[in-house]
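*Asks:* To start, I am sharing the structure in question, which I have written as structure tokens.
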Amino acid sequence: MALENSKKTDFADELLINAYFYTPECPDIEHLRLLSVANRWLDTDLPISDDLKDVAKLAPAEREFYRFLFAFLSAADDLVNLNLGDLSALFTQKDILHYYIEQESIEVTHSRVYSAIQLMLFGNDATARARYVASVVKDVAIDLKVSWLQAKVRECKSVAEKYILMILIEGVFFASSFASIAYLRTHNLFVVTCQSNDLISRDEAIHTNASCCIYNNYLGGFEKPAPTRIYALFSEAVNIECEFLLSHAPKSSHLLDIEAIICYVRYSADRLLGEIGLSPLFNAPKPPPSFPLAFMTVEKHTNFFERRSTAYSGTLINDL
């Protein structure tokens with residue numbers, strides 16, 4: 001009995017001591033954190049105003065569609081955080097906590113960029129933008145996503161199921177928006193906006209990979225949902241995402257290939273199922289090289305970062 005009590009004391013002491021310094025525990029999560037650090041960028045790196053000239057080149061239905069997408073994307077982070085809460089508080093591993101700090105930091109950049117693009121799409125008319133956003137956040141297609149998420153959070157029986165929801169939000173609920181924005185590039189429109197879309201979609205790929213890693217490797221104390229439950233959630237989320245696209249996509253636009261985007265959404269869902277050890281649900285083919293948002297590995301760096309100056313932007317004064 002004395003030996004057993006001694007072991008318990010040693011374990012408690014170890015936990016207490018580890019709280020005071022960093023100890024590597026999650027190499028896969030640390031790898032993703034380092035990828036995020038290596039690919040940091042700022043909203044000030046991108047001259048969004050350069051794209052203002054292209055707003056007039058969109059047909060009215062196309063302009064309305066992209067205004068709608070960016071209104072959703074701008075609000076999405078807050079909607080997710082309000083419903084899923086602070087999942088990072090569940091973990092003691094510093095690798096996971098440090099990763100989430102990095103993710104929160106880049107999400108701030110995403111929010112600022114989306115706000116700038118939104119304003120640009122309204123010709124920098126802040127009043128018109130505010131009026132539009134106030135009405136569109138109540139749109140049926142957006143409300144369906146939010147209501148579905150709220151209902152599923154209420155139904156959640158474990159933290160593991162919340163991570164499935166996080167994987168679906170980051171990996172499915174943004175997919176059609178990212179692809180639709182990428183199609184602008186094929187017509188040489190909104191070059192800077194498309195560049196920001198590349199960066200943000202890559203960041204979200206890292207975030208989704210992190211959620212998959214945590215689900216696979218760091219939820220040992222939580223009951224995981226049955227495969228039938230996971231498939232049901234994936235099926236519902238994909239259907240909602242496809243309806244989201246179809247509800248607002250311009251009917252006669254030459255900019256978009258709606259069927260290709262829907263196929264991409266289904267492919268993304270199948271890929272994520274594979275990441276958590278399940279067979280595909282849709283058996284959707286991988287997008288061809290011509291698809292403007294063909295699947296990118298999160299390891300890929302771009303010349304954008306190689307061109308950035310490494311000099312400090314301010315003056316450092318040694319006042320010691």
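Even glycines carry a Cβ here, placed using N, Cα and C.
Copying in the features that Swiss-Prot gives for the protein in this structure:
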| type | residues | note |
| --- | --- | --- |
| BINDING | Asp77, Glu107, His110 | Fe cation 1 binding site |
| BINDING | Glu107, Glu170, Glu204, His207 | Fe cation 2 binding site |
| ACT_SITE | Tyr114 | active site |
| TRANSMEM | 164-184 | transmembrane segment |
*Asks:* For Tyr114 (active site), which of the binding-site residues Glu107, Glu170, Glu204 has the nearest Cα in space?
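*Replies:* Minimum Cα distance from Tyr114 (active site) across Glu107, Glu170, Glu204 lands on Glu107.
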*Asks:* Mind giving me a neighbour count for Tyr114 (active site)? Other Cβ atoms within 10 Å of its Cβ, every protein chain shown.
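*Replies:* The answer is 23 other Cβ atoms.
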*Asks:* Select the most exposed residue of Glu107, Glu170, Glu204, where exposure means the fewest other Cβ atoms within 10 Å, treating these as the binding-site residues.
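*Replies:* So among Glu107, Glu170, Glu204, the binding-site residues given, the one with the fewest Cβ atoms within 10 Å is Glu107.
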*Asks:* Including all protein chains shown, what's the count of other C-beta atoms within 10 A of the C-beta of His207 (Fe cation 2 binding site)?
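*Replies:* Result for His207 (Fe cation 2 binding site): 24 neighbouring Cβ atoms inside 10 Å.
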*Asks:* Roughly how many Å lie between the Cα atoms of Glu170 (Fe cation 2 binding site) and His110 (Fe cation 1 binding site), rounded to a whole value?
*Replies:* 13
